[in-house]
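Q: The structure under discussion is supplied below as structure tokens; questions concerning it will follow.
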């Protein structure tokens, strides 16, 4: 250089670039799927950690489906004040008193029944106009719980809207919890977010059981839903990230069976408890047992997330503990483990602050967004249309109790069969193909029920309703699992939170229809059936993730794509790109 000028900036830039290259290259060589065989593979201890994430699903299921019992409205009529009866009714039978005091009404279906909200008033033995129940209500044919939100606070007639509003707020609580706590899971970790959500769930669960007014009950249920969403999301992501590709599906579906089992057990608990406060206390108290998950030996932080986020020192501690407890004691494994730990020490020297991404900032990652939007739309439709297959309930003969138990057990049973179906088919035929089949069956069931329901007898409506319940449940479960596999590790909490939030948005259709007294039900079903057909077309644009390694970085997620439909080649694009050549 002339005049002795120097360029001090260049070496600094080169040195920084070299450090980043070393760190990125080491991160690619030391991805979790590459490290897993060196720490004993998916051995007994790793399997135990995954199994421990199944247990909370039972109690999350208790809370999630308890809304059915808390807001169930039994048949009711006005309470009769026998001291104020007219003289000619003093010695009348119960049936004669009801005929004289309770007016008859014609329902939308054309059936006549006694009014649930009005009673005739009498003056000097002369019948006057019908008035709203002045002395409260008598509730008949209670199902499950003898006392719930509806019967305790008389949430009927003019106040009927409070029950569906509670359901809406509970679901919105889940929606907000998935978004907020999913974001936190990618910032502070899956384990810390789970423990925070668990503490909040216990706190708000207790407040729900001591609620003194409907407003307090609704508000506390909102916060309880948000907390439970964080628990479910963090357990789902941790379970997925601990598994190896061959056993990933079975480990995730096993958790689904625990959820279904909790739904079955809840019915027995509701029948045995009778009172909603007792039931709420019984399903909340066991959550305190999971405070033991604060022990690192019971619930570890996801090593996959630690590596992808470049939290190398923390990742080294977790991996070393896994290697010891997995029994990686063979001589060859010990050599591999020592080499891996040495390279992690090298990474520690070059790692700076942790790497954090936000799904909102990934506007240039079009492939990741495409996969998220398609699977989010599919999840929304699969959860939303599930409510539309309840038309069979009105065709079931029997008492209100028997109809409720039959529909509850049938819906839960089809969910279990759907999980079993996914276990035997998804790893054999692929995620995309089975999801396409499930949405096709969902669309066909809807079109048949919409177009031919006037011509089908009761025996024919039930099978198509069951088929719709089965296929929509399978599509809902598979689309969430599929999304978790294609979303990169660095944004998996936030991305899967968005998918599950859209699932909650779909579930809102049921209480919103109840809020409008089922008016517009046919149009509602038509819209969802049309969207289901659109889902079938969009699913064909998804990649296949069967037994492939999970994408770790944003770059891996962008490479996770389906090849052009015009090219005659298989969908075998590698998930992990090869390292860049050294400069």
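Positions of Cβ are set from backbone N, Cα and C atoms, glycine also.
TrEMBL does not curate its annotations; it predicts them automatically.
Annotations per TrEMBL:
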DOMAIN    113-547  domain 'Major facilitator superfamily (MFS) profile'
TRANSMEM  48-72  transmembrane segment
TRANSMEM  193-212  transmembrane segment
TRANSMEM  218-237  transmembrane segment
TRANSMEM  249-272  transmembrane segment
TRANSMEM  278-300  transmembrane segment
TRANSMEM  368-385  transmembrane segment
TRANSMEM  405-426  transmembrane segment
TRANSMEM  433-453  transmembrane segment
TRANSMEM  459-483  transmembrane segment
TRANSMEM  495-513  transmembrane segment
TRANSMEM  525-542  transmembrane segment
Q: Looking at the stretches 193-212, 459-483, 495-513, which one shares the most CB pairs under 8 Å with the transmembrane segment (405-426)?
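A: Between the candidates 193-212, 459-483, 495-513, the best contact partner of the transmembrane segment (405-426) is 459-483.
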Q: State, in range form, which of 48-72, 218-237, 368-385, 495-513 has the highest count of Cβ pairs under 8 Å to the transmembrane segment (459-483).
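A: Per the Cβ count, the answer is 368-385.
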Q: Look over the recorded stretches 48-72, 193-212, 218-237, 249-272, 278-300 and say which has the most C-beta pairs under 8 A to the transmembrane segment (495-513).
A: 218-237
Q: Which range out of 48-72, 193-212, 218-237 gives the transmembrane segment (249-272) the most CB pairs under 8 Å?
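A: It is 48-72 that shares the most Cβ pairs under 8 Å with the transmembrane segment (249-272).
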Q: Which residues of the chain, 6 or more past the ends of the transmembrane segment (48-72), have a CB below 8 A from one of its CBs?
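A: For the transmembrane segment (48-72), the list is 143-145, 148-150, 163-164, 166-167, 170, 201, 205, 221, 224, 228, 231-232, 235, 238-239, 242-243, 251, 254-256, 258-263, 265-266, 269-270, 276, 279-280, 283-284, 286-287, 290, 293, 298-300, 404, 408.
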Q: At a threshold of under 8 Å on Cβ distances, which of 193-212, 218-237, 368-385 pairs most often with the transmembrane segment (278-300)?
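A: Maximum Cβ contact count belongs to 193-212.
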Q: For the domain 'Major facilitator superfamily (MFS) profile' (113-547), what is the mean per-residue pLDDT, to the nearest integer?
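A: So the average pLDDT across the domain 'Major facilitator superfamily (MFS) profile' (113-547) works out to 86.
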Q: Let me spell it out: take the transmembrane segment (368-385), skip the flanking residues so only those 6+ beyond its ends count, and list any with a Cβ under 8 Å from a Cβ in it.
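A: That would be 359, 362, 435, 438-439, 442, 446, 468, 472-473, 475-476, 479-480, 482-483, 486-488, 491, 495, 498-500, 502-509, 525, 528-529, 531-532, 534-535, 538-539, 541-543, 554, 557-558, 560.
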